[in-house]
Amino acid sequence: MSKWFARLRLALVALAVLVPGAAQADIFMSADFALSRDEDPGSYELTVGLPEAIGTPAPIVWPEGCAQTGVTRQTSGGRAQYAFAFTCDRPFRAGDIIQTPWKADGGRFVTNVMGAQVDRSLAGSSEGIALPVGETAAAERSLGQIGREFLAQGVWHIWLGWDHLAFVLCLCLLARGRALLMLVTAFTIGHSVSLALAFFELVRIPIPPVEATIALSIAFMAREALMLRQDDGQGSDQSAFRRQITIVSLFGLLHGLGFATALGELGVGAGERFPALIFFNLGVETGQLLFVGAVTLIMVGLRRVSLAQPVRVAALYGVGIIGCFWMVERVVGFGAA
């Protein structure tokens with residue numbers, strides 16, 4: 001068993017070294033779309049901003065009767081900026097869409113070409129993001145529509161936020177049962193409070209240092225879990241557990257600031273801010289609980305074959321190394337900016 005454990009630990013360390021270079025800690029990619037009317041009748045401009053990693057040139061599917069007449073592209077700060085000029089031989093009609101090709105996770109669409117301001121958050125799909133250019137602001141979305149959209153965005157964000165999942169994984173490997181429930185609840189309360197404060201701009205903190213500290217929180221919690229020697233990953237010291245609850249709550253405040261950044265990038269209409277916040281947060285909690293449930297089931301299965309402890313320790317070493325890598329990467333990134 002000791003040789004098997006040593007090999008597994010070595011494999012996890014190698015994986016931890018290789019994975020960060022291939023993937024970012026938080027890969028939720030959002031896009032910004034703005035449609036405006038030019039001075040000439042039937043002439044429009046669509047501006048697009050999206051991460052440079054997915055901002056490769058690709059054809060756009062325009063509404064019937066519309067054709068592209070030009071395009072410019074610039075890059076700045078890791079984002080690609082496009083300006084598409086196009087003309088239409090008829091006005092936009094209800095149901096018209098512009099189908100964009102980029103595989104962003106979500107986006108924001110702003111326009112007033114239909115005579116009223118439209119500011120929408122849009123979900124991504126395997127075909128890209130569809131822009132509802134025939135929609136008017138007068139057709140306000142129902143609470144159900146807002147709920148479905150932002151609930152899905154919240155789930156999607158937590159599942160693509162590798163740094164957030166890594167932190168929750170550390171909690172799952174630090175405790176189980178009632179203790180795990182208390183830790184996850186503390187984390188939830190912390191990030192829910194800071195998400196609301198940051199989203200409504202009651203708290204403003206530069207995001208680069210926050211992201212670096214989030215990475216540090218992963219390494220810290222991995223170390224905290226590794227300090228426990230019990231096979232079930234639980235300690236008996238109540239004072240130590242109370243300290244862990246406090247630390248997890250404080251780290252939750254930091255993670256909530258990261259969630260607020262993602263929600264703000266999606267674009268939320270003035271009359272939708274409160275329900276969008278509620279449903280986005282519910283989506284985050286739903287995705288988080290599903291992840292905790294999956295990890296718990298895996299650990300139960302590993303305990304039945306006496307592999308829980310070696311896998312737990314190896315995973316914590318891997319997550320801790322990745323957290324350290326992300327922290328250094330982010331500190332270097334905002335220090336060079």
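Positions of Cβ are set from backbone N, Cα and C atoms, glycine also.
Automatic prediction, not curation, is the source of TrEMBL annotations.
Not measured: the values here are computed from a predicted model.
Marked as signal peptide by TrEMBL: 1-25. For 156-175, 180-200, 206-226, 247-264, 276-302, 314-336, the entry in TrEMBL reads transmembrane segment.
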- Which of 156-175, 276-302, 314-336 has the most Cβ pairs closer than 8 Å to the transmembrane segment (247-264)? 156-175
- Message: Using Cβ atoms and a strict cutoff of less than 8 Å, what residues sit near the transmembrane segment (156-175) while being 6 or more residues removed from its termini?
- Response: 23-28, 105-106, 123, 182-184, 187, 211, 214-215, 217-218, 221-222, 224-225, 228, 233-234, 241, 244, 248, 251, 255, 258-259, 262, 280, 283-284, 287-288, 291-292, 295-296, 299, 312, 315-316, 319, 322-323, 326
- Message: Give the nonlocal contacts of the transmembrane segment (180-200) in its own chain as ranges (CB under 8 Å, at least six residues past its ends).
- Response: 167-168, 171-172, 174, 244-245, 248-257, 259-261, 263-264, 273, 277, 281, 284-285, 288-289, 292, 296
